[in-house]
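A.B. asks: I am attaching a structure below and will ask some questions about it afterwards.
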Amino acid sequence: MCGIFAVFNYPDDVHAFRRRALLLSKRLRHRGPDWSGCKISGNNILCHERLAIVGVDSGAQPLTNEDETIILAVNGEIYNHKTLRKQLRPDTHFKTQSDCEIILHLYSEIGKDVVNHLDGMFSFVLLDTNRNRFIAARDPIGITSLYQGWSSSSPDTVYFSSELKALNEECDKIILFPPGHIYDSLTGETTRYYKPSWWDGEVIPKNPINYTYLRESLENAVRKRLMSDVPYGVLLSGGLDSSLIASIATREAAKLAATQNGFEDDRGVTTWQKLHSFSIGLPGSPDLIAARSVAEFLDTIHHEFTFTLQEGLDAVHDVIHHLETYDVTTIRASTPMYLLSRKIKAMGVKMVLSGEGSDEILGGYLYFHAAPSAADFHKETVSRVKKLHTADCLRANKSTMAWGLEARVPFLDKTFLDVAMSIDPEEKLFKEGRMEKYILRKAFDVSTTGDVRPYLPESVLWRQKEQFSDGVGYSWIDTLKETAEQHVTDEQLANAANVWAKDTPTSKEAYWYREQFESWFPEEACTDSVERWIPRADWGCPEDPSGRAQAVHNAAI
């Protein structure tokens, strides 16, 4: 991951604006502490803050073609870049080993259709000086972050940034750039390029479950995400999703190491002989205990960290600054992840695999128990996947990138999405003898795989869903609520609608977060990019988004 900041069609002297642009780009340097770059062409400027993962010694950005008529700034990873290289003209000259350079050369051959050929997570801006054209695009689900802004004082100027904090003082209109879309200055339109068959939630799929296909598509997703020239690891909460990713990664890393003589690849990059896993929680928390058992089972080099309630509370204000949201459940879960990411980066690790997306795809959250029908269940999964960029993707991206750590999410692989989202929702429903995410668990159970070597201990493979903000220790959310009670009076909460007409807080915790958000981002335009999630009241769900608030939660686990 990296940080990008770009301004197209700047109305005044763009060279005089360079110093200001560099200062705004510097606000993103936590995303890319390894190098900074800036290119000006005409009245356009592109800035980049780099986190070097692939092509470490040669991938500085913005990238340019040989005659510098095309300029590119990218945040992300392109997993199929080697395959795409083979499809280019044989005389194509690459300046770097960066996986992202493929975008530039592919664009020069096929134009903006490049986005339909990329397999990865990305946000990018590209300037074609020959056509006086700039385009911007974001990956299908929004794993990477991207914002677009405008100023009423210069309506023809368009701003892009990886985070809100580089735009809020320059723009009076700011939006979250929509995932799976591309903007083209030639038309001034933003159009959706990602059009999978399952996108229309009204169309209920009827495909029967194929456990082998489901398992292999996830294994392939993990395998391609091990592309790295730097040390990497896995986030391990001890829940099903992160544990499965860790199990698959352990197997795939062993295969990779076996093909590298002395654990060194043909470019001299040394790999870790064993997979490193990382977990965090309050002392004695459910997640720490479960993660420890998984790490022992998988024989990873495990790093277990604890935090105190006070350390968590002290971090909340900074977490809101990095997240750029006031959504309750996102802040609850992001704070431990933010603290863990700092510990991981201090160890010299730059990339981790994480388990986000599974619960949205497979209806794993406990409130899905209340779905009235299979059709309603499916519609909700589609809705949740479409909104991932406002919630779990936002959390995973910004909590880790606050410390220059990249999180990769195999569950959001395009192929795995197509497989899992096309399964008949009757297969996903909670039923007698079937717990949440039954089909995923069954796909990796020895009774299905026939493998004498289990992927996970049964106690973990069949462990009930525990939301991360719960699993780090039940007293974490309780303490947040108690602290909010101390900061917000009954009178303030009763008057909340007069203070905020949009997303009016309905709890003291939500009020407390909203106050802190506006201390960082007081501009009215900043709330347009925020989306708050509340469980389905029409399904009889309580307003509190905690998994513990659901009636089916087993507090003894």
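Cβ atoms are placed via backbone N, Cα and C, with glycine included.
Unlike curated entries, TrEMBL annotations are predicted automatically.
Since this is a predicted model, take the numbers as computed values, not measurements.
Copied straight from TrEMBL:
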- Cys2: active site, for GATase activity (ACT_SITE)
- Asp99: L-glutamine binding site (BINDING)
- Leu235, Ile280, Ser354, Gly355: ATP binding site (BINDING)
- 2-188: domain 'Glutamine amidotransferase type-2' (DOMAIN)
- Glu356: site 'Important for beta-aspartyl-AMP intermediate formation' (SITE)
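Are these features on the surface or tucked inside, and what are their neighbours?
C.D. replies: In the shown protein chains, 30 other C-beta atoms lie within 10 A of the C-beta of Cys2 (active site, for GATase activity).
The Cβ of Asp99 (L-glutamine binding site) lies under 8 Å from the Cβ of Val54, Gly55, Glu77, Ile78, Tyr79, His81, Gly120, Met227, each on the same chain and at least six residues away in sequence.
Taking Cβ-Cβ distances under 8 Å and a sequence separation of 6 or more, the neighbours of Gly355 (ATP binding site) in its chain are Leu235, Ser237, Gly239, Leu240, Asp241, Ser242, Ser243, Leu244, Ile245, Val409, Phe411.
The Cβ of Glu356 (site 'Important for beta-aspartyl-AMP intermediate formation') has 26 other Cβ atoms within 10 Å, all protein chains considered.
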A.B. asks: Taking only the residues in the domain 'Glutamine amidotransferase type-2' (2-188), give me the average pLDDT of this model.
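C.D. replies: The average pLDDT of the model in the domain 'Glutamine amidotransferase type-2' (2-188) works out to 96.
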A.B. asks: Can you give me the Cα-Cα distance between Ser354 (ATP binding site) and Cys2 (active site, for GATase activity) in Å, rounded to a whole number?
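C.D. replies: Taking the Cα atoms only, Ser354 (ATP binding site) lies 18 Å from Cys2 (active site, for GATase activity).
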A.B. asks: How many Å lie between the Cα of Ile280 (ATP binding site) and the Cα of Glu356 (site 'Important for beta-aspartyl-AMP intermediate formation')?
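C.D. replies: On Cα coordinates alone, these residues lie 16 Å apart.
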A.B. asks: List the Cα distance (Å, whole number) between Cys2 (active site, for GATase activity) and Glu356 (site 'Important for beta-aspartyl-AMP intermediate formation').
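C.D. replies: Pair distance, Cα basis, whole Å: 20 Å.
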